[in-house]
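Take a look at the structure set out below.
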Amino acid sequence: MVTLSSTEVLNTVVPETGHGNHKEDSPFLSSADADRKTDFYDRNLALFEEELDIRPKVSSLLSRLVNYTNITQGAREHEEAENTETSRRKSPNMGTLMGVYLPCLQNIFGVILFLRLTWIVGTAGIVQSFLIVLMCCSCTMLTAISMSAIATNGVVPAGGAYFMISRSLGAEFGGAVGICFYLGTTFAAAMYILGAIEIFLKYLVPQAAIFHASDHHGGDSAILNNMRVYGTICLSLMAVVVFVGVKYVNKLASLFLACVIISIVSIYAGAIKSVFQPPDFSICMLGNRTLVRDQFDVCSKTVLEGNVTVPSQLWRNFCSSGNMSSPQCDDYFNQNNVTEIQGIPGLASGIIRDNMWGDYLEKGQILEKAGLPSVDVHRAVESVGLYVSADIATSFTLLVGIFFPSATGIMAGSNRSGDLKDAQKSIPIGTILAITTTTLVYFSSVVLFGACIEGAVLRDKFGDAVSKNLVVGTLSWPSPWVIVIGSFFSTVGAGLQSLTGAPRLLQAIAKDNIIPFLRVFGHGKANGEPTWALLLTGLIAELGILIASLDMVAPILSMFFLMCYLFVNLACAVQTLLRTPNWRPRFKYYHWALSFLGMSMCLALMFISSWYYAIVAMCIAGMIYKYIEYQGAEKEWGDGIRGLSLSAYFQVDSHYPRLLTFVSQLKAGKGLTIVGSVIQGQFLDSYGETQASEQAVKNMMEIERVKGFCQVVVASKVREGIAHLIQSCGLGGMKHNTVVMGWPYGWRQSEDPRAWKTFINTVRCTTAAHLALMVPKNVSFYPSNHERFTEGTIDVWWIVHDGGMLMLLPFLLKQHKVWRKCKMRIFTVAQMDDNSIQMKKDLATFLYQLRIEAEVEVVEMHDSDISAYTYERTLMMEQRSQMLRQMRLSSAEREREAQLVKDRHSLIRMGSLYSDEEEEVVEPVADKIQMTWTKEKYEAERRNRNNAPENFRELMSLKPDQSNVRRMHTAVKLNEVIVNKSHDARLVLLNMPGPPRNTDGDENYMEFLEVLTEGLERVLLVRGGGREVITIYS
């Protein structure tokens, strides 16, 4: 004979992170101290009181999850340490504007906009600058779309991008990308500090320079040494500020953002003003060469003092003799005229035509203006220090690497998700709006710079031609100092933010314990501040400071950010293609093709900007990946990459073809299927039957179009065979986590108890193995794969929290075309001490966080008296059990008395087409029994026959056990409510109560389940395995 043991993996390969209940410690749900807890639990839920002993009430679970507040990257730990009571009263209340949009703006706008964008426009021209901005901003926009999908797939705790990637792609990728993101953020701090020092030494206090050039050749090294000294001092001060008071950094963030916004507004104001009144910044040209303006006072070879023409300071710079009659001057100076042109011609000047195309320079090449008359001198250039020249060789790829950091910073919203009132709404809107805003600002800035500023000035990186003014400052209104001071404070603020965020990211990686040598960085001060991580961050940032060149550091951090963004896109694409059960983002405007395009753009930008840096970054990520793999980091959040080759599989049995159909609907046509059967007997005797059974299963799988394997087990007892299947099924590392089992139909009519005893034994086995259990009742009424439900509901009755299986199953079913158009309704039962209105709000919020769309209803079951019907029903149940235990009568008498009890109480039920009572064969009774009669045996048999009516009278006067009465009361009341609300539902999912610890009550347990599900067409009884399968986390 063949029996059923169907097992299913709902979420094996890419499970949702478990942050909830502990696993059950015992194979049986403890019923100890039941009497003591009678008063505690509502009489209406007595049937589930053993579950409630070890699992949370729905109301308390909801309130705890809804009030969950994330500890974000920032000052929350400090604030809690210093003002605990205030922090406790705080609830996440930040909206899209303050929580996501403005922080993203602050992180995206930065040092490159003020210090390098004019130079990029001048060098690359407007057209190619447009292309650079378009490439970088398209890359971050596509990444933001992928990130929005991942971020709205649950709560993203501190760690931001690291957390998202590690939970999507596994510990190895998560660790590698987390380290890349950490290094990018750390080098960003170095870049911001270098930018601040550049503004300080070049434009604010030039006289503060410690090192000075002895000649023009030593100028570069003197500048770099000054940057190193001041950069180290600035980094040390910032690290002290972060160490002492993180909360002050966050409180000053709005001030730094105001500086950025004021600076940008002043640029637009200056551009508009330049139409009517261009600012007066003239530049001096010798021939077509640009001169350093602060080396002389008058842009002329001679000046008139009184009535006498005398050499100007410019003349004296180019000529060794001040005597005009016999000068020894530079040949180029002699043969070319000095002219003065407007540095900022203004928006109406038409200069935009000259700035459309690029002019890439080699290192040391003098800035020239095309169109001005010039007589070339074919000799080595003399007096190089008097001309404005390029400090580095430029190319399109270099400019891409330098500009890209100004497009980063899009993760600021996801890192603050715990402070947001509605993170799943705010993060996508805020991030995409911030990127759109910054992209428009960059595009308009490119056009304005090209349309207002002379090309030679644009290519002048440090403003030497305009008296060492910040070039973008010359355009601003009312004063260049607005930009200089604003950009200085914004870069200092951005540096502080990076130094605040990077150590927390490292701490999050260290606390996950996937990279053992980083474990020490998970510790910090008593209030959670990552002291050791801050120290390491400072040391790595110092390496960036020692490089001392903004243009050299920018491509390095571009690599690390691009690597991070690449994997964000990969994570989104993989999850979308796999259609994993935990992938339920609320953000719908994404597609795997967009993610792949974003991933390709990231890879292309890495190699465009610097192919050797790209290889180094990929090698670092690869080494970390292999290290984590070698260390064997196993985390509960699974691995999406392995999910590409291994998907969920199912195990079903040939005894119920419709059950195989139902299981295939649950897995929506994905993964492997393992079909299992149990044959009773000895393996040596049943080999032929095993082969035949295996072939029958394969034929059935072909009919149902299910791909997979079958597994046939021969065992002396059916229950042992099922236990073997539960323990041993699987393919390598893929193990089932759910058992699907048929209902033992006709168990009441059967005199043989083995059918329902096998059923209950399997329930206990699954509990002992920490597996979830599903029991479809009336499986013959379940739809085939060819049917379609065009309307109707799937009703979930959530009575006890079981790890979320009840929530996940309807979602999985709705992925299949049969159930797709059904709506989902969730009912939960409010006990006497619960606030049902609050429960409904909490449940709606919880479902929103789970990204599941469903109608919500809370059913109040008032504490009512136990009815006569319930009492009578319990009495019938106990009488039948007692009767079958007592009977030692002949077969005919047993049948007659059992029928008497059945008829009296109208307990006859319609049997199903499928009956598990055929599972085990009852040994045939011989027609004739040979017995040797003694006097003692004869007397005992006669007494037994005389006592039979007496035993029956005792049976009729039996008083039911109060515990059973309460359980029956639960079953009857719940059944009334469920039938009332869900009588027309396409499918009803219901918590399955656990079996009693005492096996004497097994038959009563079967009766409770029958009463609970009476009058329902399709019921799926669900029992969780003690671990979370669905969470609010990403």
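Even glycines carry a Cβ here, placed using N, Cα and C.
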1-31, 931-961 - the range that TrEMBL marks as region 'Disordered': 1-31
Ranges 229-246, 805-822: which does TrEMBL label transmembrane segment? 229-246
Cβ under 8 Å to the transmembrane segment (173-194), counting only same-chain residues 6 or more beyond its ends: which ones? 110-111, 159-163, 165-167, 227, 231, 234-235, 238, 405, 408, 411, 491-492, 494-495, 498-499, 501-502, 505-506, 508-509, 512, 514-515, 537, 540-545, 547-550, 553-554, 556-557, 559-561, 563-564, 567, 571, 617, 620-622, 624-625, 628, 633, 641
Quickly jot the same-chain residues contacting the transmembrane segment (478-496) by Cβ under 8 Å, restricted to those at least six beyond its ends, or write none. 106-107, 109-111, 114-115, 188-189, 192-193, 195-196, 199-200, 203-204, 234, 238, 241-242, 249, 252-253, 255-257, 259-260, 262-263, 266-267, 269, 469-470, 472
Test of understanding: applying the rule of at least three C-beta pairs under 8 Å (pairs 6 or more apart in sequence), is the transmembrane segment (556-577) touching the transmembrane segment (98-120)? no
Is it the case that the transmembrane segment (432-458) and the transmembrane segment (556-577) touch, counting contact as three or more CB pairs under 8 Å in which the residues of each pair are 6 or more positions apart? no
Are the transmembrane segment (229-246) and the transmembrane segment (392-412) close enough to be called in contact, which here means at least 3 C-beta pairs under 8 A that are separated by 6 or more residues? no
Report, as numbers and ranges, every residue of the chain located at least six residues beyond the transmembrane segment (532-550) whose Cβ falls under 8 Å of a Cβ in that stretch; write 'none' if there are none. 111, 115-116, 183, 186-187, 189-191, 193-195, 198, 224-225, 227-228, 231-232, 235-236, 239, 242-243, 499, 502-504, 506-507, 510, 520-524, 556
Taking all residues of the domain 'Amino acid permease/ SLC12A' (394-640) together, what is their mean pLDDT? 86
Residue list, the transmembrane segment (253-272) vs rest of chain: Cβ under 8 Å, 6 or more residues beyond ends. 102-103, 105-106, 109, 113-114, 279, 347, 441, 444-445, 448, 451-452, 472, 475-478, 482-483, 485-487, 489-490, 492-494, 497
